[in-house]
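Asker: Could you have a look at this structure, given as structure tokens, before my questions?
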């Protein structure tokens, strides 16, 4: 199967240039200023358009069983929404239940995804329990047969997913040994649990209780703590869904000291804020429930985008985990029972373009970096993914920077009945999405085939991650001080009949006079 993209401007993370792109059997086979079409070759006209690498969303939760419900976007609907928005690969999370084998959970996720995906996908593994067997299974799943190169640790959701600090630290030591990336959901789960109990007992049962139970300081504290522990373990760390300025500042602090830390803001946090939690319409407020919550500071979205521009944050994701209005309403009398999660996989690319490029904060090359290339590099599938180059997979988007669209639940492809970006007009629209040489989105219509996507194994030892770790490790090697053997001085026992003199002095503490013996 072949196709030719003509007259476009190729945008990679490091260059922009006009060129044609020839695709054959799922790969890019030629890039040249002008390629003549052969008879029968399908041609995509990209005049006045950008030709960019397909987006990579490194953080999704398709059909996740969570809080007694199952996320509505399964691997079919979720990946259809992805390609409609210009994303051609997702990285989803295998999340075992407490005490469950990683291998059993892995097989379950592959069984869900393989028959349904319409684009390529990879997997990351959550560690929800700890012990020697888990450590052994971590090593197993980093082998080529499984293709896992990152492990996520939750410092929230006490009693469900959360691990203790010592378990987190031991897990990071194992990650470092395996040359795998540690990822962290950074919140203070113990304090959150106490705050939830206090708020409920005080009569605060609505969605506003969610954000009040999770003040930004707790995200910042947990992020700082996680970075500190990762630094001690000399383990690279990837902080998922950075939602606040404080968390971003914690990452920047440790990076300046040489720690290898990556920060991931998400579409929701770049486009809207936590004022929704105080909306008088209960259901409106509940739709935005996620953890960590959206920042109550309205300047945060713009600040996070500027940190992406400055390289203090590194790539964008969505944490796509969708629950419909009925599922959200299960927590109508108790905010802790509202399923956590929002949409984003369809709208991320347009949101980042609108809030970043159209706003004049980032350029098109940086857009490609934070929506595709950095994810490919960090998760070790570059340049197969994340680049327009000969030999790369033909995951390509023809992008119209001048077009606009209005986001709506009535036109999106998610399996839910609302959209957190409802009514937002965004600049930048994917006109054509190509997955491994197949057009899957064009003219506003899906052309997908269920199960046509493929699993992409992600090998450990990413160069962009571990080259810095290795350099840092040399400076952190323990230093032994060579000393002459210490010879203790033997003291003679005191004479029991010797007079013992006790010296005293007066001390005058505030409020009175006292004689204190020393």
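Positions of Cβ are set from backbone N, Cα and C atoms, glycine also.
Computed from a predicted structure; not experimentally measured.
According to Swiss-Prot:
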- 59, 61, 152, 319: Zn(2+) 1 binding site (BINDING)
- 152, 185, 241: Zn(2+) 2 binding site (BINDING)
- 152: N6-carboxylysine (MOD_RES)
- 157, 291, 340: substrate binding site (BINDING)
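Could you give the neighbours, burial and distances for every feature on this list?
Answerer: Packing around residue 61 (Zn(2+) 1 binding site) is summarised by its Cβ count: 21 other Cβ atoms lie within 10 angstroms of its Cβ, all protein chains included.
Neighbour density for residue 152 (Zn(2+) 1 binding site): within 10 A of its CB lie 22 other CB atoms from the protein chains shown.
DSSP assigns residue 157 (substrate binding site) to coil, not to a helix or a strand. Cβ neighbours of residue 157 (substrate binding site) (same chain, under 8 Å, six or more residues apart in sequence): 185, 189, 291.
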Asker: What is the one among the binding-site residues 59, 241 whose Cβ has the most other Cβ atoms less than or equal to 10 Å away?
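Answerer: Highest number of other Cβ atoms within 10 Å: 59.
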Asker: Let me know how many other Cβ atoms fall within 10 Å of the Cβ of residue 291 (substrate binding site).
Answerer: 21
Asker: Which residues does residue 319 (Zn(2+) 1 binding site) neighbour through Cβ under 8 Å, counting only same-chain ones at least six apart?
Answerer: 59, 60, 61, 240, 241, 266, 268, 290, 341, 342, 344
Asker: So if I measure Cβ to Cβ from residue 340 (substrate binding site) and keep only same-chain residues at least 6 apart in sequence, which ones fall under 8 Å?
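Answerer: For residue 340 (substrate binding site), the qualifying residues are 66, 67, 289, 290, 291, 321.
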